[in-house]
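Residues or ranges marked as compositional bias 'Polar residues' in Swiss-Prot: 11-24. The compositional bias 'Low complexity' feature in Swiss-Prot is assigned to 25-42, 90-119, 140-157, 644-662. Among the features that Swiss-Prot reports, compositional bias 'Basic and acidic residues' is placed at 61-87, 687-699. Summarising the annotation, Swiss-Prot assigns compositional bias 'Gly residues' to 120-132, 158-171, 671-682. The feature motif 'Q motif' is assigned by Swiss-Prot to 247-275. Positions annotated as ATP binding site by Swiss-Prot: 267-274, 291-298. Residues or ranges marked as domain 'Helicase ATP-binding' in Swiss-Prot: 278-467. Residues or ranges marked as motif 'DEAD box' in Swiss-Prot: 411-414.
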Amino acid sequence: MPIGNNKDNDGTTLNISGLTISDKSSSTSSNNNTTTTTTQTSEPYVPPSRRNKMNNSSGSSRDDYPSPSDRDNRDSPFNRDRRDDGYRGGNNFRENNSNNNNNSRDNYKSPSFSRNNNSNGGGSSSGSGGWDNGPREQGPPRGNSYSYSPNNSFSRGGNQGGYGNRGGSGSSFGKPANKNDRYYDRWSNFRDSRNHPEMKREFIDLEEHKAEEIFKKNDDNIGIDFNAYDDDDISIETSEHICAPLNSFADVDLGDVLLGNIKHAKYTKPTPVQKSALPIILKNRDLMACAQTGSGKTAAFLFPIISGILLDGAPEAPPAYKPGVPRAACPRALVLAPTRELAQQIFDEANKFSYGSPVSSVVIYGGAEVFHQINELDRGCDILVATTGRLVDLLMRGRVSLSKIKYLVLDEADRMLDMGFEPQIRQIISEFDMPGCRDRQTLMFSATFPKQIQNLAADFLYNYIFLKVGVVGTTQNITQRIEYVVEEDKNSYLLDYLSGLKSDGLCLIFVETKRSCDTLTYFLNQRNFPTTCIHGDLTQPERENALQSFRSFATPFLVATDIASRGLHIGNVNLVINFDLPTDIHIYVHRIGRTGRAGKKGLAISFFNEKNKPVGAELLKLMKASNQDIPDWFEKMVHNLRMSKGPSNSKSNSPFNKSYNSHHNRDDNRGGYGGGGGGNGGYSNNRNDRREDKSDYSMHHPYFSNNGGSYN
């Protein structure tokens, strides 16, 4: 209790447990070797449990609680935190006091409350919580807000009915915090040596652990001997010769930063598609490139894009901030991909090769949290890698603008059309603010280019060059084998084959349906083959975890549907098994292309039976074109199919047989076999239609005119 001049305290000295207290003066005396201290009692008595608190805090006493009115303000609905729906005042506030870890009630220290009738909303709009270091920014008055500052080191602003952000922080009106300030700062401090020769940078070899972390995260192309591509048998055809192919990356000036990253990634020589595509793209020409899978198409378009962005320098300043109006990201390069996995992979490569530069890359795709992707866009974006659906969504929201696009890339373009994305592609290019084909550079890459893709190129590419490298769609580095296995014996045959497998690489097994994917994965795991799976019903985190487990050899067997057949660069895949053959030969091409990548040898085994007859003829043709060993039984089976006649041997309404009969009518130059009102005779007309389509397309590009309209 406080000690003062009253009836219990008349000014005399009191001795409490050896402590002498007086209200007059301070002195020190010694009696019987005992030291007593006399102190002035101008301050109230403080218990021992509070002394440590007073020494380490600016609080004056235990009784220094906020007034009742302030405590009422603490419970005001305007002081709610939207993140956890709790109150910021009272006991919900937890003080972080590094000098005192005692959690007793005596250690409670109240924040100081103040009412501000001219609130600006306070705080930073970029933070995720409700706290903001430093003073609030001043802005125009809006409503009433309550703020409190424990130890005067924090402040939080909220506004009544205002523009509070997700996470509980208020919005500032006068000078909003800009998330991409660092982005523009990086660009303002960067000078490209091609524009500023005095800024010439020497190649600096990174420390081993840092290079391992940055450039070997995706080790698909690390250590690969690209000399395996230097084969005179590899043909390179272009519709127009404008420059000689490259012999090394140093033949063109890509900039010091990019050339250094290429060395760090141990890219010693360009692959054939890179040799021809790089100079064409650097000449600012549109390109439609067809090259074998795993030949380095991703680097072929990323290198010129990163180099061009660095040469152009800092982007234009964003438009002025308007309250309530979202600020759109304005990328300079857009890469469209058919799947999330391929988009993520391209993004990783873009990050790797733009290391040490201000170039910023962002990836957006469906199945992931859209608010996180919007946050990334707000931090600045030069290269945007996207799937079509999520991009259309953000374009409609006004969070992305295509007005500054200088480079447009369609990767695995035929796959996007196969998946039904053509309307979205046309919408993105034509219905939003993307520059016209004469004002941007458009690049299309894929392993196959059927007629539908050629028409798309004719619509969106301007004065383009067609590039074809090697065997279209497949590679001679892959050994293809075909085995006759009936449906009932597939599991046991697969088990016997894997049991005798001596390879230390990865094995990728393709099936037709999602149910088969789960069933076969369970079957192999039960028999001690570590297996994971990937298909369309899995969430994006589940897909990423499965791919990471496969890449890291934790589960060296991956069962997948065709979602994994396109564009995925997974190193060390030595074996691909077509447990279920596809009905489209182009899908087969991309499936087996997951092995034999970048100069390595690979093996592809396919299980064939009566169910797969419709694709047999195309498969035989493809195997012959790549000089594969063909079993006699397979060749005889396909020959017998060709010799079969009449509607009794085929169902004219079957889509598979339509494709099959159409193929043979073209090869044999035959008419229809009659019957069914001339139903089969219609295939001869399809052949003529196909010729007319070729002739029509030959008007779009001289290459197809000179080659009879064929891209093979």
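Any Cβ shown, glycine's included, is placed from N, Cα and C.
Shown for the motif 'DEAD box' (411-414): DSSP residue counts in helix, strand and coil, namely 2 helix, 1 strand, 1 coil. A simple way to gauge crowding: the CB of Thr271 (ATP binding site) has 28 other CB atoms within 10 angstroms, across all the protein chains here.
Taking the motif 'DEAD box' (411-414) as a whole, pLDDT averages 85 in the prediction. Long-range neighbours of Val273 (ATP binding site) (same chain, six or more residues apart, CB within less than 8 Å of its CB): Ala289, Ala291, Ser295, Gly296, Lys297, Ala300, Leu467, Val469. Secondary structure of the motif 'Q motif' (247-275) per DSSP (helix as H, G, I; strand as E, B; remaining residues coil): 16 helix, 0 strand, 13 coil. For the binding-site residues listed here (Lys269, Lys297), the lowest count of other CB atoms within 10 A around the CB belongs to Lys269.
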